[in-house]
Each structure stands twice: as structure tokens, then as C-alpha cells.
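Record features, source TrEMBL:
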DOMAIN    25-325  domain 'Aminoacyl-transfer RNA synthetases class-II family profile'
BINDING   Glu83, Gly84, Thr85, Arg114, Gln128, Glu132, Arg257, Tyr261, Tyr262  L-histidine binding site
Amino acid sequence: MSAEFQAPKGIPDYYPPASADFVRVRDTLTEAASLAGYGHIELPIFEDTGLFARGVGESTDVVSKEMYTFADRGDRSVTLRPEGTAGVMRAVIQHGLDRGQLPVKLVYAGPFFRYERPQAGRYRQLQQVGVEAIGVDDPALDAEVIAIADEGYRRLGLSGYRLELTSLGDDESRPRYREALQEFLFRLDLDEATRKRAEINPLRVLDDKRPEIKEATANAPLMIDYLSDSAREHFEVVRKLLDNVGVAYELNPRLVRGLDYYTKTTFEFVHDGLGAQSGIGGGGRYDGLMRQIGGKQDLSGIGFGLGVDRTVLALQAEGVEQASPARCSVFGVPMGADAKTELAGVAAKLRAAGISVDLAYGDRGLKGAMKAADRSGAHLALVLGDRELADRRVEVKDLKTGEQQQVSLDDVVASVQGLLEG
Ligand code: HAM
């Protein structure tokens, strides 16, 4: 019988035991950024619709087809955040973080929302870990951001991914390229909508997934051939730095990202074990975004968004053994009401000492309670009956070796600590 209520289509739930993988991936990727001095930022789940429309770009699929936009009760148009960079930039401007020490280095983790067609690895609520480094246009930051992502994946034990890299040029390169690309596109026999796209944002046409458009644009001019001297030099330094830290990459001059704000260094991490939804993370530099969303100055930024859901799938595809952590270290088995009261007190003391404890609840008898203890993955079971209670003692069973011993209830915390460490 199906339940009356289901989670909305394309929106995953994360629950034990698999949620432990999700948490490990999210925290490991976040930790890789903390190790490079990125400070945590927590942002609203929804923002003014205009922020995303202007920041991400009206002609992107994300803005034109995929946003969860609605009017709030005050009739303001708000949108569930489809990505994190625009919100971070908004917060940096709003709170004047750009007037402090630069670069501003921030890391975030959480859900984002895109009304895409759900399929394996593509959800309408997706989870990302992202970083943004704002305020300094230094190729060493580009390399740092990329190296953090690479380090995060490696710490998780992931190996079967590729890093694709290109440069999307700067203010000087882009108009020249745009002209060349439009000249090429206008010579093609394009449908009305695609032609319009070519007029407004020609680069988006190269992101068209239809085979006939892909074929027609196979020989389109490439941005990499139109880089200004300074954009080329920036890119060369990024490559040298990546070589130096040992991060392997492939140049992909046809790399087109789904968001409009990218300039200069742009990259994607691709995993070949995932089928169609192979992008496990991506990012790049964004020179014009601050001005675009109303900033008085125009500070450059660089960042990434790593897909937590897809990284979990990639680890599964590679068969990387996920440690399934025990729910708790100690499991209390009380036999009778007085024992239950006593063990509840012991559990509180153990937890206060930082030891995780669960208890058998309900009246399932010794056999059922010991089964629950085994299932919990706990290292030790504390079995307390009336007889032990009368002697102020408790039976401690090592659930791995089966060894049993009695310890005094009055210094049970120290005994348990000793046994767990030993
Ligand atoms: P993005 O490439 O749109 O970039 O998303 C980053 C990652 O989120 C993707 O590589 C993918 O792993 C994951 N992702 C995206 N959509 C879905 C989905 N529907 N289901 C599951 N996973 C998904 C950004 O969002 C930029 N804000 C990244 C960035 C930060 N660029 C500069 N700074």
C-alpha cells in the first residue's frame, strides 16, 4: 500500500544508514575548504527573484525554465535558490565584507532547487558544497579552489574522475569572440528560437543538447583562440600552478557551463561511472557578477559547487567501501523498571562524558534487547537486572568478543571509557 503522502517528485530523503554516506561526503568536502581558511557562510534558502535572474542570466535554462518562483504573502516574487554564488555575492555586498580583508573566502553547504526532469543523479532538490573566494584576481586562487575540490574527492577515496578545464576569457576577449561566434551561427540554418538565442547570448547555443545543433556547431570558433594577452597569461599561470600541485586536468575548449557569469578559468569535474549526469562538481571565475547585481565596485571572484548527491553515487559506482559507523558505542539493556531508571541515569552520565549510548526501549525481553544491541553496532552492552542493581554492579558485555565482566555502577563511566579505549 502506498503512503498517502510522498516527498515531492524528484526530491530525495536522506535517512539511516545511507545518510551516513551523505554526511561524510558533505563534511569531508567542507573540511577540505576549511583547511584552506574558508569561513562558513549560511544563506537564505530563498531570495529576491531578480538576484538570480540578473546574477545567473535570463537566457540560461536554470533561470528561464528551472526556478521555483512564487509570490510570498506580501506579493514579492521570491525564488528558491537554484545555486549559491549569486547569494554569496549579495551577502558580501550587503554586509560590506568586500571592505574588509581580501580575498573574502567562504564555504557553504546545503540544498538548492532546480525544476529539472528527475532522473538518476538529477534531483529537484540537490545538495552542494560550495566555496567562493572574492576580491582578488590572482590565478593562484583559481588553482587553490580547484585543488581544494580535488583534495576533497581524494579524501573520500574517489579516483575515477577527470577535471576539464578551459578559459572563457575576459572583457577584452569576449566581444571579439562573441562577434566571431555570431558570424558563424548566423550562417547556419537555425530555428527561430535558437537564432534569437544566438543574438542574445551566442555562447548558450553551444550548450544546446540537441544532436542536430551539436553537429551544426561542431566547428564553431572557440573562445580559447580569442583570449586577450592577459587572459591567456592568467590561464597559463593557473595551469602551471595545477601542474605544480599535481592536479591533473584535460583542456576542454568546448566546455560550456549552465550559468552565465563565468569568465576566465572555468572547470568541471566529470565522473565516467555515472551515465548522463556525470558532472560531480564545477565552477570558475566570475568577473562581472558583483557589478551585475548592483555592487559599487567590481571585484572578481572564483568558486565551485560540488554535487554531494552525485559524489555519493560516484563513490558507490567505484565500489568505495563506506564505513558504516555504529549508531552508538554503548547499548543499555535494562531488565525491569528500576534497572531502566538506573540505566537512564548511567546513559546521561556517559553521554556527558562524550560516549554515545542508546538503550533498549519497550518491553522486548532479554533476547530481543540483545538483538537490538547487536544491530546498533555498539561495542559494549550494559546489562542490568534487579540482582546486579542490588549489588550496585552492572554486567558489561563486549559485543565483538562476547567477553563479559561486572563493573561497579558507581564508577561505570571510567570503566566503560577504559574498555572502549582498550
Ligand atoms: P553547477 O555546475 O550548476 O554550478 O552545479 C554544481 C554541481 O551541482 C554540479 O556539478 C552537480 O554535481 C550538482 N548538481 C547540479 N544540478 C543538479 C541536480 N539537478 N541534481 C543533482 N546534482 C546537481 C553551480 O551551481 C555554481 N554555483 C558553482 C560555482 C560556485 N561556480 C562558481 N562558484
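Cβ from N, Cα, C; glycine included.
Secondary structure at Arg257 (L-histidine binding site), as computed by DSSP, is coil. The binding residues for L-histidine are recorded as Glu83, Gly84, Thr85, Arg114, Gln128, Glu132, Arg257, Tyr261, Tyr262; their greatest pairwise CA distance is 21 Å.
Counted over every protein chain shown, other Cβ atoms within 10 Å are most numerous around Thr85 among the binding-site residues Thr85, Gln128. Taking a Cβ distance under 6 Å to any atom of ligand 1 as the criterion, the binding-site residues Glu83, Gln128, Tyr262 reduce to Glu83, Gln128. Counted over every protein chain shown, other Cβ atoms within 10 Å are most numerous around Tyr262 among the binding-site residues Glu83, Tyr262. DSSP classifies Glu83 (L-histidine binding site) as coil under the three-state reduction. Mean model confidence for the domain 'Aminoacyl-transfer RNA synthetases class-II family profile' (25-325) is a pLDDT of 96.
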